[in-house]
Amino acid sequence: MKFSYSFVQVVSLLLSLSPSVEGFTRSRNDACKPNHPFRPLPPSQPRTKTCHVVSNGHGKDDSKNIMQALHKCNNGGKVVFDANKVYTVGTALDMTFLKHIDLEVLGKIQFTNDTDYWQAHSFKHGFQNATTFFQLGGQDVNVYGGGTFDGNGQVWYDLYAEDALILRPILFGIIGLKGGTIGPLKLRYSPQWYQLVANSSDVIFDGIDISGYSSSKNEAKNTDGWDTYRSDNIVIQNSVINNGDDCVSFKPNSTNIIVQNLHCNGSHGISVGSLGQYKGEVDIVQNVLVYNISMYNASDGARIKVWPGVSSAMSEDLQGGGGLGSVKNITYNQMYIENVDWAIEVTQCYGQKNLTLCNEHPSNLTISDIHFKNFRGTTSGKRDPDVGTIVCSSPNVCSDIHAENINVKSPKGTDEFVCTNVDKSLLDVNCA
């Protein structure tokens, strides 16, 4: 069931297309294939006027020109970033006022490498020290055109190697958007996560091309493709992701999410979590479908990661544990893997290396109604003889976890799973 070659061809074609009409007229619901959103997406109103953003050129800040065009064409217009032009952004842009507007990005939007400015002025979102170059929100907003957003990440990769506590901006911040289409677009060299989708609903991401590696010895770290947070009814599809962390991550209070037709390379898998990081807070992730995924050269394929009930530290800038909540109705269906460490990983000891301590203080989050189906491929062999791990910190917090038609082997031909504190009768895998 290796569909990667033809799949990449199809996605490449999709990424090469950009709308040429005066506004974004394609139905959001019709664009969602083969699986439709949990709730119908609202229609986009016609656009009747066009504004072209003026580029100052020579690396001069174009932020004022961008904001002027957005205000001029808000409520029924289209703002165009012209082809073969570079737009420089050196100012944090609050674009949460947008309504019934399209942004057609044909050229390149590049953010400056002034790390002192961005640490002081980027938008702070609280969760996991997330900050963004800009925040785009409002109602009925479409961003497309096949152009490029460039985060100038190299200076950040090198700076993070010196100081793990710096605040690295996220390239693309969707904050408080109600109804929208994002893509096709190219996202390059994000300092941290590529996209944060927070406090948003009814948004489809379609045809996103993500790539950006370090050119120095310092890796590009924490470069998640998408992180959904406090968001509902989101569709992510038809995209190619070359990165160094989660391909997609469902952060706290992500509900009714469809992820389909992705090619992920170099990632940490498609992950629920991490959840339960903040003591006393309630994290819920439910109603998620992940379908038709190709996963290459990754640490994980499908992943659920939950913090234990005791304080733990994943790294200097990532600590937590003791949170509450639930993970429910999550399905991973049809995943091809190649050179992936774990085909499936479920852990409630995220960030805690002392497993005895973790088991003494089991997670406060429950995991239930989980389905892993139709997996094919070969692991990296790093975990030989195991190819997957489904481990709960207590049988009292895990139930109804299913695995069926899992045809994954290591390079040596083994297919063992680590299965702890789960009902093995529901797992059609070789629990060692």
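Heads up, the Cβ atoms here are built off N, Cα and C, so glycines get one too.
Swiss-Prot annotations:
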type	residues	note
SIGNAL	1-23	signal peptide
CARBOHYD	Asn113	N-linked glycosylation site
CARBOHYD	Asn129	N-linked glycosylation site
CARBOHYD	Asn199	N-linked glycosylation site
REPEAT	231-252	repeat 'PbH1 1'
ACT_SITE	Asp245	active site, proton donor
CARBOHYD	Asn253	N-linked glycosylation site
REPEAT	254-274	repeat 'PbH1 2'
CARBOHYD	Asn265	N-linked glycosylation site
ACT_SITE	His268	active site
REPEAT	285-306	repeat 'PbH1 3'
CARBOHYD	Asn292	N-linked glycosylation site
CARBOHYD	Asn297	N-linked glycosylation site
REPEAT	327-348	repeat 'PbH1 4'
CARBOHYD	Asn329	N-linked glycosylation site
CARBOHYD	Asn354	N-linked glycosylation site
CARBOHYD	Asn364	N-linked glycosylation site
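Distribution of Swiss-Prot features across the structure.
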residue	record	Cβ neighbours (10 Å)
Asn113	N-linked glycosylation site	16
Asn129	N-linked glycosylation site	14
Asn199	N-linked glycosylation site	18
Asp245	active site, proton donor	22
Asn253	N-linked glycosylation site	20
His268	active site	24
Asn292	N-linked glycosylation site	18
Asn297	N-linked glycosylation site	15
Asn354	N-linked glycosylation site	12
Asn364	N-linked glycosylation site	23
Residues satisfying Cβ distance under 8 Å from Asn329 (N-linked glycosylation site), sequence separation of at least 6: Gln286, Asn287, Val288, Asp369
Intrachain C-beta neighbours of Asn265 (N-linked glycosylation site), sequence separation six or more, cut-off 8 angstroms: Ile241, Asn242, Asn243, Tyr296, Asn297, Ala298
Euclidean distance between Cα atoms of Asn129 (N-linked glycosylation site) and Asn292 (N-linked glycosylation site), Å: 32
Per-state residue totals over the repeat 'PbH1 1' (231-252) - DSSP helix, strand, coil: 0 helix, 15 strand, 7 coil
Alpha-carbon spacing, Asn253 (N-linked glycosylation site) to Asp245 (active site, proton donor), which is rounded to whole Å: 20
Helix, strand and coil residues within the repeat 'PbH1 2' (254-274) as assigned by DSSP: 0 helix, 17 strand, 4 coil
Local backbone state of Asn329 (N-linked glycosylation site), from DSSP in three classes: strand
